[in-house]
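> My structure is below; once you've seen it, I'll send some questions.
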Amino acid sequence: MTREDATAEILAARLARGLSWQQLAEAIDRPLVWTISALLGQHPVPVESAEILVELLGLDQSAVPVLAAVPMRGGLPTAVPTDPTIYRFYEVLQVYGGAIKELIHEEFGDGIMSAINFSVDVERKPHPDGDRVVVTFDGKFLPYAWTAADGRR
């Protein structure tokens with residue numbers, strides 16, 4: 001079984017069993033967005049959690065080691081995403097990425113926001129003109145530092 005096979009089986013089983021992502025996240029006591037991302041193939045799932053998920057979803061036990069394996073992260077099928085929801089994030093970063101980068105540098109200095117020491121949250125916010133989607137990225141600041149192999153800076 002490949003990771004892609006496991007993901008396809010997870011998606012089909014979740015719908016067939018009427019399970020929400022929230023129910024799956026609660027079953028393994030993990031954050032909702034992390035759980036979804038993991039089940040879509042972007043994080044390794046601890047074996048104990050994978051066993052719970054496989055049982056809930058009615059998958060073959062051969063899915064456990066596949067879910068627990070360290071995945072190839074960040075791969076999208078095309079260079080520019082074509083799914084409208086995912087493309088909006090691409091578009092947001094095209095329009096606001098430079099401004100966000102400048103603000104990070106002004107506030108923190110020369111560095112980046114980690115996507116490894118990181119969490120993301122998605123919330124719904126009522127608004128008179130239509131509900132809003134609030135996405136919060138919470139990443140550790142990592143300063144750029146030149147360090148030579150011999151420890152000199």
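Placement of Cβ uses the backbone N, Cα and C atoms for every residue, glycine included.
Quantities reported herein were computed from a predicted structural model and do not represent experimental measurements.
In case it's useful when we look at the structure, here is the feature table from Swiss-Prot:
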| type | residues | note |
| --- | --- | --- |
| ACT_SITE | ARG88 | active site |
| ACT_SITE | GLU91 | active site |
| ACT_SITE | SER114 | active site |
> Would you mind pulling the DSSP three-state label for ARG88 (active site)?
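Its secondary structure by DSSP: helix.
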> Please give me the CB contact count at 10 A for SER114 (active site), counting all chains in the structure.
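Its Cβ has 12 other Cβ atoms within 10 Å.
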> Inside 10 Å of the Cβ of GLU91 (active site), count up the other Cβ atoms and send me the figure.
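Within a 10 Å radius of the Cβ of GLU91 (active site) lie 13 other Cβ atoms.
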> Helix, strand or coil for SER114 (active site)? Use DSSP.
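SER114 (active site) sits in a strand per DSSP.
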> Within 10 Å of the Cβ of ARG88 (active site), how many other Cβ atoms can be counted across all chains shown?
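So the number of other Cβ atoms within 10 Å of ARG88 (active site) is 12.
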> Pop the Cα-Cα gap between SER114 (active site) and ARG88 (active site) into the table, whole Å please.
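Taking the Cα atoms only, ARG88 (active site) lies 21 Å from SER114 (active site).
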> Sorry to bug you, but what's the C-alpha spacing from GLU91 (active site) to SER114 (active site), rounded to the closest Å?
20
